[in-house]
Amino acid sequence: QIVLTQSPAIMSASPGQKVTMTCSASSSVSYMHWYQQKSGTSPKRWIYDTSKLASGXPARFSGSGSATSYSLTITSMQAEDAATYYCQQWSSNPLTFGAGTKLELKR
């Protein structure tokens, strides 16, 4: 199975700061998908097919990458962006998730 490694595991950012987190796949995948999860809630699809913004996801979010290297970027951190972000692939069975990047707000 394809192992997804997210980096960093935990990070903090101030309001307005640019944020980038990465997801590395153990083998090449066609697309990467990203989910946002806030404490006590179910994960929400945030970015799909590497770079397409899901419904409800703000335009300050973007995704990029190919093969084994993918990233999620927030151009300007907002308080509501504090959450855990998971990458996911289904190019190869079984579907797998990364362990997540926890993004905290630095005040």
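Heads up, residue numbers simply count up from 1 along the chain you see.
Backbone N, Cα and C define each Cβ position, glycine as well.
On its own chain, Cys23 (disulfide bond) has Leu4, Thr5, Gln6, Ser7, Met32, Trp34, Gly65, Ser69, Tyr70, Ser71, Leu72, Cys87, Gly98 as residues at least 6 apart in sequence with a Cβ closer than 8 Å to its own Cβ. Among the features that Swiss-Prot reports, disulfide bond is placed at Cys23-Cys87, with the record citing sequence analysis.
As a whole-number mean, the pLDDT of the region 'Framework-1' (1-23) in this prediction is 99. For 1-23, the entry in Swiss-Prot reads region 'Framework-1'.
The region 'Complementarity-determining-1' annotation in Swiss-Prot covers 24-33.
Residues of the region 'Framework-2' (34-48) grouped by DSSP class, helix first, strand second and coil last, total 0 helix, 9 strand, 6 coil. Residues annotated as region 'Framework-2' in Swiss-Prot: 34-48.
Beyond the ends of the region 'Complementarity-determining-2' (49-55), by six or more residues, the same chain brings 31-33, 61-66, 70 to within a C-beta distance below 8 angstroms of the stretch. Sequence annotations record features per position, and here Swiss-Prot assigns region 'Complementarity-determining-2' to 49-55.
Long-range contacts of the region 'Framework-3' (56-87) within its own chain (CB-CB distance under 8 A, at least 6 residues past either end) are made by residues 4, 6, 13-29, 32-38, 43-44, 46-47, 50, 97-105. Marked as region 'Framework-3' by Swiss-Prot: 56-87.
Applying DSSP to the region 'Complementarity-determining-3' (88-96) sorts its residues as follows: 0 helix, 3 strand, 6 coil. Summarising the annotation, Swiss-Prot assigns region 'Complementarity-determining-3' to 88-96.
Across the region 'Framework-4' (97-106), the DSSP tally of helix, strand and coil residues reads 0 helix, 6 strand, 4 coil. Residues or ranges marked as region 'Framework-4' by Swiss-Prot: 97-106.
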Other CB atoms within 10 A, centred on Cys87 (disulfide bond): 29
